[in-house]
Amino acid sequence: MAASVSTIGAASKAPLSLNNSVAGTSVPSTAFFGKSLKKVYAKGVSSPKVSNRNLRVVAQEVDETKEDRWKGLYDNTSDDQQDIARGKGLVDSLFQAPTGTGTHHAIMNSYEYVSQALKTYQLDNKLDGFYIAPAFMDKLVVHITKNFLTLPNIKVPLILGVWGGKGQGKSFQCELVFRKMGINPIMMSAGELESGNAGEPAKLIRQRYREAAEIIRKGNMCCLFINDLDAGAGRMGGTTQYTVNNQMVNATLMNIADNPTNVQLPGMYNKQENARVPIIVTGNDFSTLYAPLIRDGRMEKFYWAPTREDRIGVCKGIFRTDNVPEEAVVKIVDSFPGQSIDFFGALRARVYDDEVRKWVSGTGIELIGEKLLNSRDGPPTFEQPKMTLEKLLEYGNMLVQEQENVKRVQLAETYLKEAALGDANADAINTGISKNFTNLKSRLNNEEAKKARHVNFQE
């Protein structure tokens with residue numbers, strides 16, 4: 001038994017040759033099996049030759065930070081709100097605020113913080129191609145903003161009075177500023193400041209003011225805009241009758257300016273305060289208004305006289321769709337320096353007269369109504385006429401000549417003074433008056449002579 005064990009040990013100690021290996025290995029004979037074992041050869045099996053070169057295994061370290069879910073924490077410059085937003089859904093909800101509270105919803109990303117939050121805004125005085133005078137916009141924006149602010153120990157005038165010459169674009173400039181600020185004003189006109197019923201205009205002002213206050217209470221900016229206040233509440237010489245409604249309109253505006261947050265309607269008296277509503281009024285001559293209304297504590301006054309740059313800017317907006325060069329616009333403005341801004345709008349409209357005249361001659365005067373109102377094809381369309389500098393200057397001179405005719409003739413004074421057209425019948429009137437006076441004098445003399453004869457007869 002001992003021999004068999006040693007034999008097995010010898011068999012197990014047989015050296016292995018990897019380089020010179022053969023298909024099979026011989027098994028030594030042992031006493032345990034009784035006879036020597038046959039050599040077994042594996043057919044069709046060959047071991048690949050292994051190179052004598054030394055094998056070197058290289059392990060490359062993987063940089064896991066490139067795939068890190070929190071990589072934005074070290075390569076992005078942002079605030080805590082951005083970092084918390086990245087961790088939404090990755091952190092236990094126990095340590096997060098409820099959804100929708102704003103903590104995990106970023107308002108801006110890092111680029112927007114740099115490009116928008118640090119942006120300085122300038123007063124852009126253009127709106128849809130129309131020009132807004134910087135001084136005009138500054139006055140309105142500051143006045144409206146002041147009335148919505150709470151300034152310490154400062155009484156802000158509630159009313160802003162914009163006044164100036166006729167046709168200078170006061171109302172249109174106000175509308176542009178309102179659109180620029182996103183304000184939808186409550187508008188009134190001078191025709192609403194008079195009524196057949198005493199007290200109606202004053203009540204209407206209070207109603208409109210409270211409507212604007214309700215809009216402000218709902219979170220939208222609003223103001224009360226009154227056009228041509230002096231035409232409805234002012235006194236234009238001795239020919240204007242001063243009525244009770246004029247007095248009540250002035251008194252109502254004064255009361256609202258003194259108590260802007262306590263405006264009551266007739267029959268409705270409560271202590272609930274309303275929102276403060278800035279009031280913008282326009283006019284041509286505020287000296288015709290009641291003096292206590294326009295004092296500094298109640299009304300801030302702004303005289304609007306457009307400069308040459310303002311007139312050029314507004315005219316560029318008027319001719320913006322007509323392909324008129326800027327040099328031509330400047331030439332037109334300088335050619336009519338004493339005209340109002342409205343003059344240039346009328347000048348542009350006058351250019352279309354030729355197109356309308358051509359359409360009328362081609363249609364016929366008898367068919368104008370049918371073509372304009374009852375045509376299946378709709379109203380006629382016109383091609384935009386070509387506006388040249390020469391044509392605009394020609395029509396401008398025609399408008400100036402018409403203005404001069406009105407100033408020169410002054411038929412109204414002639415009508416009131418002579419009841420005749422000009423001096424055509426002046427001689428006839430004077431002759432008629434002298435004849436009538438002579439006849440009246442002779443008639444009086446005859447009556448006196450008759451009375452004298454009658455007295456003498458009685459005596």
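Cβ coordinates come from backbone N, Cα and C, glycine included.
Taken from Swiss-Prot, the feature ATP binding site applies to G164, G165, K166, G167, Q168, G169, K170, S171. Long-range Cβ neighbours of G169 (ATP binding site) (same chain, at least 6 residues apart, Cβ-Cβ under 8 Å): P306, V314, I341, D342. According to DSSP, G169 (ATP binding site) sits in a coil region rather than a helix or strand.
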8 Å Cβ shell about G164, G165, K166, G167, Q168, G169, K170, S171 centroid, ATP site members excluded: N284, W304, S340, I341, D342
Binding-site residues compared (K166, K170) - the one with the fewest other Cβ atoms within 10 Å: K166
Which same-chain residues, if any, lie at least 6 apart from G165 (ATP binding site) yet have Cβ under 8 Å of it: N284, A305, S340
For G164 (ATP binding site): intrachain residues, at least 6 apart, with Cβ closer than 8 Å: K170, N284, Y303, W304, A305
Chain-internal residues near S171 (ATP binding site), provided their CB is under 8 angstroms and they sit 6+ positions away: N227, T282
Cβ contacts of Q168 (ATP binding site) (under 8 Å, same chain, 6 or more positions away): W304, A305, P306, S340, I341, D342
Number of Cβ atoms other than its own within 10 Å, given for G167 (ATP binding site): 15
Conformational class of G164 (ATP binding site) under the three-state DSSP mapping: strand
